[in-house]
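Q: The structure is given below, and queries will be raised subsequently.
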Amino acid sequence: MAAAPPLTKAEYLKRYLSGTDAGLEGGPEAGRKRRKKRPKPGGAGGKGMRIVDDDVGWAAISTAKPEKEEEEDGDLPVVAEFVDERPEEVKQMEAFRSSAKWKLLGGHGEDGHFHHDDQDSSPPRRVRHDTPDTSPPRKARHDTPDPSPPRKARHDTPDTSPPRKARHDTPDPSPPRKARHDTPDPSPPRRVRHDTPDLSPPRRVRHDTPDLSPPRRVRHDTPDPSPPRRVRHDLDASPPRKSHRNSSAVSPRRGHHGSLGTSSPRQTHNHSPTAAQHRRTLDSSGTQHLRRAHHESPDLELHKAKSSKAAERAPSKAASQSGLGPSHPSLSTNSKYEHDSDLSPPRKRQAKAHFEAKKQLDSKGVYQKASDSDLSPPRKKKNSGHQDSDSDLSPPRNRPRRQSSDSDLSPPRRRQRTKSSDSDLSPPRRSPRPGKKTAHMYSGAKTGLVTDVQREHQELKKQDQDTTDLGAQFEFTETVFRDKSGRKRNLKLERLEQRRKAEKDSERDELYAQWGKGLAQSRQQQQNVEDAMKEMQKPLARYIDDEDLDRMLREQEREGDPMANFIKKNKAKENKNKKVKPRYSGPAPPPNRFNIWPGYRWDGVDRSNGFEQKRFARLASKKAVEELAYKWSVEDM
């Protein structure tokens, strides 16, 4: 086939515009084609239907994300650290903490019992007491309207929604919630019972590693249709912590479910067999997910009135008399299954059994169960009467500090300002001795801080005095100089040695300077100076009887002198006894620039390269030119 001829820009534009017009004005055919391409809106049919699941929230997202990581990194070693994989949850937690709608209207009685009757406007939370809970803690009130998302009120049936405590003596104006617990819940998966279908994605739970995914409830007495997972109920991947014999709140992530201050989370206040059975189920299985209830908050103390105090003390006493006291069987047996499974750094393991619970009576006469058989980091014990004070050495966190200690990994909360808690964010301080009472002034102010300040001032003053004494001691001492090897240097001896060395160097330089100038020349110059001085002392007119002049004329040798041989013989006889070096006595040698006489063995042959002769010729010509120029300059005078 022949290639199509190339189109010009004008033809291409014309075809483009004509095609557009045809598409626009092509009639019903073009319209039908375009309508076929449009997606049909969702109707009653099954093909075009689009299902919008409004129930999917932060819980489902948080469940799905760690599952993928678990499946991929299931066999990798686990590092004990806080992994924030749920940004939406953190956002909702922050919104919940900063919200002004979360208030506690109930109070605690004088006997130390707490009422969980504050309203809960927070999103659902779950607390697993055998695995770390990374969700923020929430408080639940069961005698006031609960505007939170729907929850199931039955505690003896599987509940796939977050459990809540329910007060059955007041109406619940919250949104309707499911009443049947044997049907699947399309809401985000929370607790999982293996006798009901599990709509959540399959996940693995390893027994030897902490579960960083959102905690699930697992019933081990029924078959599990979901993929197999492993659950550890008492593994504590946190670092070992020293035991606190007098504290029940030594870790911010520990939940004591047997302590009176924290009755079983989310358990109801109707003292019916159903509630007792629910508590027994919690104690026996050890895996039921219950949401932690905060029993006291700063808002409670700020907003409760005197009337509310009086109104709620009676229910607290009634609750203590109806079987929720320290001797209640369900609470006493619940201490067996208090397991500390947080993800805090490794701690030292206690020497005692891990499941041993310690009971102590606080200052108000309330039983506290301090199951400190965990592996949290070592803290300093506060041995004063406050057994529920904050005595940990971990970074300060905002959290309630009553008998209910947290066993989750949720973000820090505000500290409750009770009488026995330290509500500031300063580093931990040393606790006073148990038998020592803090000193007070008559005005009631403590004197410990003043004493500490005075002690600091005294220490600083002592340091300054020591420094001053040290400076005065070595003020007039000489400086010790040392060489590289560390030996002391004597500067005086070094200066003397340097002076002697300088003198030696100067003498050697003078000697080399004489040798460089020439010894014979220097002696000849010295002789000439002496002769000149001697001639200067003579009178200006010299006569014929001058002895020096007569001797000089007699010693001269002249050619053709008949008496020359006779004179030589006489000199030889005279100098015979004297040791004189032999000297050249032949024909006159050619001159040289140093005027050196040849040796007595020279045979009279000039063996030089003629440099001396050329030099003298150049000097003679230069002198001749100067004389000629001078004569030309004075010729006209």
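Residue numbers in this text run from 1 along the chain shown.
Note that Cβ sites are derived from N, Cα and C of the backbone, with glycine treated the same way.
Checked Swiss-Prot, it gives:
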- 490-538: coiled coil (COILED)
- 430-439: compositional bias 'Basic residues' (COMPBIAS)
- LYS65: SUMO2 cross-link (CROSSLNK)
- THR157: phosphothreonine (MOD_RES)
- SER161: phosphoserine (MOD_RES)
- THR170: phosphothreonine (MOD_RES)
- THR196: phosphothreonine (MOD_RES)
- THR222: phosphothreonine (MOD_RES)
- SER259: phosphoserine (MOD_RES)
- SER272: phosphoserine (MOD_RES)
- SER284: phosphoserine (MOD_RES)
- SER285: phosphoserine (MOD_RES)
- SER371: phosphoserine (MOD_RES)
- SER426: phosphoserine (MOD_RES)
- TYR512: phosphotyrosine (MOD_RES)
- 18-53: region 'Disordered' (REGION)
- 104-470: region 'Disordered' (REGION)
- 553-595: region 'Disordered' (REGION)
Q: What average pLDDT does the predicted model assign to the coiled coil (490-538)?
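A: Taking every residue of the coiled coil (490-538) together, the mean pLDDT is 93.
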Q: Using DSSP with the three-state reduction, classify TYR512 (phosphotyrosine) as helix, strand or coil.
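A: Its secondary structure by DSSP: helix.
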Q: 10 Å Cβ neighbour count around the residue listed as 'phosphotyrosine'?
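A: Looking across every protein chain shown, the total is 10.
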Q: Please list, for the region 'Disordered' (553-595), how many residues fall into helix, strand and coil according to DSSP.
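A: Secondary-structure breakdown of the region 'Disordered' (553-595): 14 helix, 0 strand, 29 coil.
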